[in-house]
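According to TrEMBL, the protein carries these features:
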- 1-24: signal peptide (SIGNAL)
- Ser130, Glu200: Mg(2+) 1 binding site (BINDING)
- His228: Mg(2+) 2 binding site (BINDING)
- Arg363, Asp377: ATP binding site (BINDING)
Amino acid sequence: MSRTRNRLRAVLSLLAVSARGATTEGSGRRGLSAWPAPQEPGMEYQDAVRMLNTLQTNASYLEQAKRRRGDPPKQLEAMELFLARSGLQVEDLDQLNIIHVTGTKGKGSTCAFTEHILRNYGLKTGFFSSPHLVQVRERIRINGQPISRELFTKHFWRLYHQLEKTKDGSCVSMPSYFRFLTLMAFHVFLQEKVDLAVVEVGIGGAYDCTNIVRKPVVCGVTSLGLDHTSLLGDTVEKIAWQKGGIFKPGIPAFTVLQPEGPLAVLRERAQQISCPLYLCPPLEALEEGGPPLTLGLEGEHQRSNAALAMQLAHCWLWKQEHQALGELKTSGLSVPGQLPLAPVFQPTSHMRRGLQDTEWLGRTQVLRRGPLTWYLDGAHTTSSVQACVRWFCQALQRNQGPQVRVLLFNSTGDRDPAALLKLLQPCQFDYAVFCPNLTEVSSPGSADQQNFTVTLDQVLIRCLEHKQHWSRLAEEQASPALWSPPQPGGTAPLLLAPRSPHPCSASSLVFSCVSHALQWISQGRDPIFQPPSPLRGLLAHPTASGGAGILQEAGAIHVLVTGSLHLVGSVLKLLEPSLSQ
């Protein structure tokens, strides 16, 4: 492994010509973030975010959490202590009428659907989610909108100074990054007097810091799969046990159809906790006898998320004794030996509008810019990448004629990139592009996307390993042509013949940042990006120079960006500059 890493390190100078000096000047071990924390905190938004970044980040928290797995309940005790130091008691959170949602795949989309539905009833909503894509204030929303820079700054410094004042030698002085934002969200929602708060679990459930909530109104569990296995367990059943930890005595909970093993674990957890757990009927059952439901988010897998959101919203309205619930319908559905089915009801106009108007950036999102179509989906688990592939391929079936298909990919943490890349092969990409989740390397950029946990060398080495995985997959495929010929009535990839013995190796590139990758992919055909400079060393690569001509002449270029929500966030920051304002 060390020999391989030495060989990889030797080619970094080719990949990051423009990065040297700006990001690694003085030390090859410096992190990606160049902004120092202010010595005397000011009251500006960027100052607040820079100070937030000095707290323990999620990646380092995971490492410490792995080492402390022997006594996980102490993590919740510590969070309750931080809450008390901030001036709140756990009982205060009962006022927020919380909808608590966990799961492996789709929990953010489910929360977004739920929040939109209830906002359509004229309710004032709070919404806490993670991670953010462009600006950290996206994590805390009021009525669907990220809180303003001014409100974020005010609440950040108020909470930060309160925690500073209450430090003593008997406890950890400051909470980690995610814990701090969770505390801050609770304070914002209480001060803004929201009618309800939709709270997305960070990691797991049982010992996640959001689980200090004692009395949510209702809980939800989305599709389960393998993710964060080093922390949550290496089987879906172990992960289901963690997710079921958000159940509360007497508080209704809902889940979607799961494989038999994890569903049995959820049922057992619910029985142990005395939590009434229901299985959501499919969305088709709610559509029966009425017009079909239109979803604001693309992809067949979003129907499962929408079905769960409908039950969460319906249950919340019922428990709050709201009048416009939707008429209950009889259903012939049954699931022998499984959980009791949630009620089937006639969706109200508020529910229909809520589902239709839902927007959730970076999840099955499409942006069209001239000949370029960008498909953005932050899928990063096996099941979510499978859903992403189905969505992308279905979208391409609606586009006839010659086209170039480009993959832009990165993965982080303990995820298996080889397994994810193998799932992406059926998309028949002409080029695979790999880069870190770093918008620029020539400037520090905004504090919102700084990362103190890794160095430039580390992330570039990982990207090179992604490229090697892609090349090995191509060798295993050993196809006589670059991609399978188009089926009758299907789409026609522009590149149909191999250009070297290992076509995927020849058609893959690594760039040192997202900006350089997008410049090469767009070739000046997107007005936001300048054509790539011929002085950049990477363009001497035969794939880069040969592919440039093909991309410049292509009638249609379809780009799938996936593997990491952070990568999608960096791409969105460049494609939609207004999101940074």
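Note that Cβ sites are derived from N, Cα and C of the backbone, with glycine treated the same way.
Annotated pair Ser130 (Mg(2+) 1 binding site) and Arg363 (ATP binding site), C-alpha to C-alpha distance, rounded: 13 Å. Using a 10 Å Cβ-Cβ cutoff, Asp377 (ATP binding site) registers 25 neighbours. Across the fold, the C-alpha of Asp377 (ATP binding site) and the C-alpha of Glu200 (Mg(2+) 1 binding site) stand 18 Å from each other. Taking the Cα atom of each, Glu200 (Mg(2+) 1 binding site) and Arg363 (ATP binding site) are about 16 angstrom apart. There are 21 other Cβ atoms within 10 Å of the Cβ belonging to Ser130 (Mg(2+) 1 binding site). Counting other Cβ atoms within 10 Å of each Cβ, the binding-site residues Glu200, Arg363 show the lowest value at Glu200. In three-state terms derived from DSSP, Asp377 (ATP binding site) belongs to neither a helical nor a strand segment and is classed as coil. Secondary structure at Ser130 (Mg(2+) 1 binding site), as computed by DSSP, is coil.
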